[in-house]
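Single-structure report; data block below.
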């Protein structure tokens, strides 16, 4: 509320997010409303306002994460290129089942199409769980290539399109799971429903644009296999490039194993704690082929302890609600039923430190270098408890200061929770 001068002046102001700002003032004894300039320009006009209300979440950009726009732009490019590749694949599939072939029967075409659909959904959902990174997108392009190539191998057409259907089903389920995780990340005002709805609007617009281009594209590629494969190759390159840029644009503030490993090792190396943006840029996008010591989180007690004496060894120097053991070259972490999220982060940090030592990393320094001198597995675990006790609280405090989310994680914990005797030696 502003002070009025001589009976006239601004009496109130209001704004719509960061898009519009208005002033109320008295003039000639009447209340007037006037739009202000925002950032040196007048607020949005009616066309841009309608576009934003249809395709962007309410309250944009304050209501979404900072990486929202960049990710959605690259996601639009990849969806558009994928739509065009899908047009080429659909045309090839229809030709393969007999469309345009006078010798083909309706029954044979129907059976082939039904088999394709059955294998598409049922087998694909079963295999979905093994996909990570950009592998799903690569698999999608492989599936479309198989559909385009299938008509050139008539005896194996049905088998090829069924396998391609399985691949595309896996991609569909994986895409839904990934989209759900990104929606949670992008929502800053518990507005996941609005973001999901606007994502659907954007997808509809992209599909419409793809349809218009496809209508011009189909006459060019009909009965021209060489041009079909050339265009498919170009669309595939664009699709994968846009997917890579989209994934790289995302800045997740929640710790998974890869990001925690990157942040922790840099912290132990030189005391610097990476911000979410810095750590996300270093996180591998593709599946890593580098051999490392596997870590299993949330295992059964029997995976760590086979004898009563081993339980006492696991409890040595350990007052935490988790147990760690090294069995058959694998780091196993057994979580107590009373463990908090921060206990989970601590357990994962300790396991990552032990993995670095067991992997015989040449870049080890400081406390990790001292741990590497210990050869007995149980003694190594015991000494690592001491090291984690010394560094973790400071590390956790700096995580909070760097705006990492420590109230939840994306660590891959299994569901086993154990209660054990509190007697320790």
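Quick reminder: no glycine exception, Cβ is built from N, Cα and C everywhere.
TrEMBL labels come from automatic prediction, so no person has curated them.
Under the heading domain 'Protein root UVB sensitive/RUS', TrEMBL lists 44-269. If you average pLDDT over the domain 'Protein root UVB sensitive/RUS' (44-269) in this model, you get 82.
What TrEMBL records for 272-420 is domain 'Root UVB sensitive protein C-terminal'.
Sequence annotations record features per position, and here TrEMBL assigns transmembrane segment to 156-182 (among others).
Look at TrEMBL and you will find 203-220 (among others) tagged as transmembrane segment. Sequence-distant neighbours of the transmembrane segment (203-220) (same chain, 6+ residues past either end, Cβ-Cβ under 8 Å): 55, 76, 79-80, 83-84, 87-88, 91, 227, 231.
TrEMBL lists 226-244 (among others) with the feature transmembrane segment.
Remote same-chain partners of the transmembrane segment (226-244), defined as residues 6 or more beyond its termini with a Cβ less than 8 Å from a stretch Cβ, comprise 74-75, 77-78, 81-82, 84-85, 88-89, 91-92, 134, 137-138, 141, 144-145, 148, 217, 220, 285. Per DSSP, the domain 'Root UVB sensitive protein C-terminal' (272-420) is made up of 66 helix, 23 strand, 60 coil.
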